[in-house]
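Residues or ranges marked as domain 'Pyruvate phosphate dikinase AMP/ATP-binding' in TrEMBL: 18-301, 312-360. Look at TrEMBL and you will find 436-516 tagged as domain 'PEP-utilising enzyme mobile'. Residues annotated as active site, tele-phosphohistidine intermediate in TrEMBL: His468. The domain 'PEP-utilising enzyme C-terminal' annotation in TrEMBL covers 534-881. Under the heading Mg(2+) binding site, TrEMBL lists Glu757, Asp781. Under the heading active site, proton donor, TrEMBL lists Cys843.
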Amino acid sequence: MDPQSKQNLTEGNRNMKELLGGKGAGLAEMVNLGVPVPPGFTICTEANVLFNKHNNYASNIDLDDEEEMAQRNVSSKNQLPEQIVSEVNEYLARLEKVTNKKFGSLQNENEKVLLVSVRSGAAVSMPGMMDTILNLGLCDDNLPIMIKNFGGNERFVWDSYRNLIQIYGDVVMGVKYEHFEENVKKQKQQRGISLDIDLTLEEIKEIVEDHKKTILEKTGEPFPQDTKQQLFKAIIAVFKSWTNARAIHYRRIHNIRNLKGTAVNIQSMKPSDGENKFYGEYLRQAQGEDVVSGVRTPERIEELGNSFPECYKQLLDISNKLERHFKDIQDMEFTIEEGVLYMLQCRNGKKAVKAALKIYCDMLDEGLITEKEVILKLDASQLDQLLHRYLSEKEISKHEPLACGLAASPGCAVGRIAFSSESAIEMAKERKTKGPVVLVRTDTSPEDLAGMQISQGFFTTNGGITSHAAVVARQNGKCCVSGCSALIVNEHEKTCTINGVEFKEGDIITIDGSTGLIFAGALETSEPSLSGDFARVMEIEKRYRTMGVYANADTVTDATKAIEFGAEGIGLCRTEHMFFEKTRILDMRRMIVATNEKQRTEALQKLKEYQRNDFKGLFDVMGDRKVTIRLLDPPLHEFLPHEDHEVEELAKRVGEDKSVVLRKIEELSEKNPMLGHRGCRLGITLPKITQMQAEAIFEAALASQSPCVHVEIMVPLISSIQELKHQKEIIEKVALKILSHSTSHDKVKFRVGCMIETPRAALLADEIATVSDFFSVGSNDLTQMTFGFSRDDAEKFLKDYIDMELSQNDPFQILDQDGVGKLIKMAVEKGRSVKPNLNVGLCGEHGGETQSVQFLHTCGLTYVSCSPYRIPIARIAAAQQSILSKK
């Protein structure tokens, strides 16, 4: 067995996440800092690999394979390798010695019972996705001694036993948690009480017996009284949780790859009087799962100061110490036993990006971190969370709220009510026509993740700001209102009442995650304000970023928004988008199906008017910033009608019989249009299209209010120098004709370049650079042509490729560095071997994806261009790579 398969907490540090997992590394670092941590040891991630091999488990489990999933859910079919069993026994003996306690059945009433927690801990935090078992080591035989250990607190010990049986029954033995909740609910209903804490000792004992009966009925096996068996099966369950459906789904969504598995942390523990995720809440006589599950609504952390003033002060001191050490806000778990505080975990806190900006700016002001550290600490991919809409105070004042819950995650959501994850998924299919979905639940669990991902926001009866719903919402930039007791959900009937007002599935509500307010119907939302900490950080990044960030913008609205988000210019204006408006499409169709030159010329003149006005608007808004305009790119058939009444209307407009138009449409149809008559091939076979577009560009530039117009004209889809020469010649002739007759010609600065989006263009980049004034990589088409994947069809099989680990990512979302990336590097190097100062940009959607932007920075690109709402992501990602490259 690998010699690093286990470690005492005293042997590690925070840099060992790959081996110890995030939790184990955090515990080890706290030990090094002298923070009180319960003794324990970590079974490393290498042991998870060994476990999988021993049981012939592939890491790429198929979620749709019911047989394979069923096999993994049956504990009896899983075994720990003997090496792990032997070493766990060895380290457990050491733990007994360190704590002066005994694990299992005890004979001597003066001995102390050792209980342990068995907790998962991957290198990357995945809250709620994997499994944890607490109070492990309790059994019928050692309960009396445990009660004596706790000074006769019989109720508390029995409640801890109840907690163990229901968690163990759920996580290890596969009995649904709801069956245990029913046992508890039955006892509370009989007494007419609503809180667990009001249960008597005798009632808790009855619940324990009910839990045992439930396990026996559902599994055919009793709850194990052999504590070693408890421990080993719990370790197996945690290892298996690495490949449970919700963990795999979480890793897919968050693009977490190339991890070995989970570590397992085994620590001595005391059944807690209060455990807390230090966002500001705690529960009395409860444990971790009670806090994060959302089943119980916790108390505010300030109340802890009244109950345990010394522990509260110590907790604040430790919090400050850890924050200064890790230079980040800390998410901490703790427990208090008999007035003594113990830290159970620390990690950099999960936080909405707005909170992260404030925290890091505050730390900068306090001198804890530098400007560079502020930039490096940000998760650039989350910045678009700041760009979502919100409810203004004025709008809120116009409406009477139905209820108020906890403001668990900022932003607002307006949408149709769905009462289950499954309903949310189905309803989201009609999002375009019927609007978004708001998931309304009593509480959420990791099993709801798929439905949560496609919902606009979450609204729950139970849970605090540390509940599952709240954590998922903050991570994904969605809004959440939790802990609203006025909400009563009847999932079976698909109805709910909010303060007595009934709603059915599909009814519309508005939830405000910033205030906790709930409203009937759809309220008007407002655009976010990008000021304060956001604006400050965006000013800071300018001092370190060396790569430009441009926008893909086709309209004045897009361009205005792009400038607001900090775009330095337009890197892609797709001229074909200007033709799809209803009032313009007919003229485009007239040009395409024209049967003589006169008809085509008339249609082209009309199209030129549209484009000239649109280009002028862009030049006016952009001022002296660069505007890069791509000539017509898509195949002509995309503009033609398919509906019968549209064909008839077109035939009337061109004065031809319907059959003539249909024949023309048939002639233009292609078997593989994305590799067919499109891009520069259109301008070569129909040069008047290129001429018309060039005339529109230069006439608009002269008419613009801007004192200086920088326009770059981009020829798409070239694969040879001859194609570029042909199109450039047309453009330059038009420029000479129009500009030479104007006294304002000096204000127009233009260049003609090409897109690198075919592999051949990348291979011949040095030759093409002798003619091209600049390059712009079209990463969408370059990916398509390099892989031989169709962008429109690849989604049908790419998911299987990723699941089977044949591909790490969807190459249309995250740039393929090994293949497509090599072609981009080659194009940059070859182009600059001819023109050392050649500007090379990229204008695919990869230009707004963090990993892709950082890779493109290393390739030496001049700029990236992306959609307006992804500009902040690109700016921070580029600044981060610039800082890292100089280290």
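Every residue gets a Cβ built from N, Cα and C, even glycine.
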Seminar exercise, completed: Taking DSSP helix as H, G and I and strand as E and B, the domain 'PEP-utilising enzyme mobile' (436-516) has 17 helix, 30 strand, 34 coil
For this session: Spatially speaking, which of the recorded positions Glu757, Asp781, Cys843 is closest to His468 (active site, tele-phosphohistidine intermediate)? Use C-alpha to C-alpha, please.
Result: Cys843
Problem set entry | Those residues of the chain, 6+ apart, with a Cβ under 8 Å from that of the residue listed as 'active site, proton donor' | Tyr550, Asn552, Gly571, Leu572, Thr628, Met755, Ser776, Val777, Gly778, Ser779, Val864, Ser865, Cys866
For this session: With a 10 Å radius around each C-beta, find which of these binding-site residues (Glu757, Asp781) has the fewest other C-beta atoms nearby.
Result: Asp781
For this session: Note down the number of other Cβ atoms within 10 Å of the Cβ of His468 (active site, tele-phosphohistidine intermediate), including every protein chain shown.
Result: 25
For this session: In three-state terms from DSSP, label Asp781 (Mg(2+) binding site) for me.
Result: helix
Seminar exercise, completed: In this predicted model, the domain 'Pyruvate phosphate dikinase AMP/ATP-binding' (312-360) has a mean pLDDT of 75
Exercise. What are the helix, strand and coil residue counts for the domain 'Pyruvate phosphate dikinase AMP/ATP-binding' (312-360) according to DSSP?
Worked result: 23 helix, 17 strand, 9 coil
